Amino acid sequence: MAMVQGKSLKYRVWATHIAMWAFLALIIFPLLMIIAISFREGNFATGSLIPDNPTLDHWKLALGFSITNADGTVTPPPFPVMTWLWNSVKVGGISAILIVALSTTSAYAFARMKFKGKNTILKAMMIFQMFPAVLALVALYALFDKLGQYIPFLGLNTHGGLIFAYLGGIALHVWTIKGYFESIDSSLEEAAALDGATPWQAFRLVLLPLSVPILAVVFILSFIMVIGEVPVASLLLSDVDSYTLAVGMQQYLYPQNYLWGDFAAAAVLSAVPITAVFLLAQRWLVGGLTAGGVKG
């Protein structure tokens, strides 16, 4: 028997669709505007969404190529954008891998092991995570200044020191992975132990394959966080060639001259590694969601 929808229900459905499209347009419009600015002549932040005379000059400069102006003069790239992009990918990738590794092993200890003070440590980790990183900038500078005297590759103006600083923000990820581990029946690991598996083998061969979705989520979130992080990176990095892209892009906004076109091209480039990582990790997300243990 066919169901007949009332007029009020149809209106609500249409209103919901209109609201969703409006919200989607609100999200997409700034991105389209940034892309338009990157193809617009000059360095103007205002103008039509479709440039009157599209140009690739801003993209050439961002990619490291010089451009020849109408009067014959040559304009070299003002900043090493591709170097900054590589720095961002390198720092983001290494940080995300280490964050996943540390968070996973820590979460396993909190989820499966019993030891004194476990709940207190978990609560303390969450409380400290609530304070923003900017409150600790002075302490971080003093810490890495002193640390660099003994371990140079972890000191100021080093990517190693920046990566080490990012590892301090794993508390939320530990809580997230811990909750996922606790949702997996421990009898699967017990069965593996009966078959002669060591705790490490049970963790690596049983628990980790079932936890791929949450590990992929943590990796993506960590990578995005590092790629877009500015306060800590701008504090610890002082050499222009060592900047990440998020920090280096600020160089385009001079008080005397705002290079909006070049800034927009660099901003679009900054989204490339994030998009690539998400598309690659999406395979693991979908594949991991269909994986599971069967007890019988």
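Cβ atoms are placed via backbone N, Cα and C, with glycine included.
Summarising the annotation, Swiss-Prot assigns domain 'ABC transmembrane type-1' to 85-281 and lists sequence analysis as the type of evidence.
For the topological domain 'Cytoplasmic' (1-12), the model gives a mean pLDDT of 65. Look at Swiss-Prot and you will find 1-12 (among others) tagged as topological domain 'Cytoplasmic'.
Under the heading topological domain 'Periplasmic', Swiss-Prot lists 36-88 (among others).
If you look up Swiss-Prot, you'll see 112-123 (among others) marked as topological domain 'Cytoplasmic'.
Residue counts of the topological domain 'Periplasmic' (144-152) by helix, strand and coil are 8 helix, 0 strand, 1 coil (DSSP-based). Taken from Swiss-Prot, the feature topological domain 'Periplasmic' applies to 144-152 (among others).
The topological domain 'Cytoplasmic' annotation in Swiss-Prot covers 176-204 (among others). Tertiary neighbourhood of the topological domain 'Cytoplasmic' (176-204): same-chain residues 103-104, 107-108, 110-112, 122, 210-211, 213-215, 217-218, 293, 295, selected by CB-CB distance under 8 Å and a gap of 6+ residues from either end.
What Swiss-Prot lists as topological domain 'Periplasmic' is 228-257 (among others). Per-class residue totals from DSSP over the topological domain 'Periplasmic' (228-257), listed helix then strand then coil: 18 helix, 1 strand, 11 coil.
The topological domain 'Cytoplasmic' annotation in Swiss-Prot covers 281-296 (among others).
If you look up Swiss-Prot, you'll see 13-35 (among others) marked as transmembrane segment.
The transmembrane segment feature in Swiss-Prot is assigned to 89-111 (among others).
For 124-143 (among others), the entry in Swiss-Prot reads transmembrane segment, with the evidence type sequence analysis.
What Swiss-Prot lists as transmembrane segment is 153-175 (among others).
What Swiss-Prot lists as transmembrane segment is 205-227 (among others). Nonlocal intrachain contacts for the transmembrane segment (205-227), taken as residues 6+ away from its ends with a CB within less than 8 angstroms of a stretch CB, comprise 88, 91-93, 95-97, 99-100, 103-104, 108, 166, 169, 173, 176-177, 180-181, 184, 188-189, 192, 197, 244-246, 270, 273-274, 277-278, 281, 284-285, 287-289, 291-293.
Annotation source Swiss-Prot lists transmembrane segment at 258-280 (among others). Long-range Cβ contacts of the transmembrane segment (258-280) within its own chain (Cβ-Cβ under 8 Å, at least 6 residues beyond either end) map to 34-35, 37-38, 40-45, 57-59, 61-62, 78-79, 81, 84-85, 88-89, 92, 219-220, 223-224, 227-228, 245-246, 248-249, 252.
The stretch with the most CB contacts under 8 Å to the transmembrane segment (89-111), chosen from 13-35, 124-143, 153-175, is 153-175. Helix, strand and coil residue tallies for the topological domain 'Cytoplasmic' (112-123), in that order: 7 helix, 0 strand, 5 coil [DSSP]. Long-range contacts of the transmembrane segment (13-35) within the same chain: residues 5, 49, 264, 267-268, each at least 6 residues beyond the stretch ends and with a Cβ under 8 Å from a Cβ of the stretch. Long-range contacts of the topological domain 'Periplasmic' (228-257) within the same chain, counting only residues at least 6 positions beyond its ends with a Cβ under 8 Å from a Cβ of the stretch, are 43, 78-81, 83-85, 87-88, 91, 133-134, 137, 140-141, 144, 156-159, 161-162, 165-166, 263, 266-267, 269-270. Under DSSP, the residues of the topological domain 'Cytoplasmic' (176-204) split into helix, strand and coil as follows: 21 helix, 0 strand, 8 coil.
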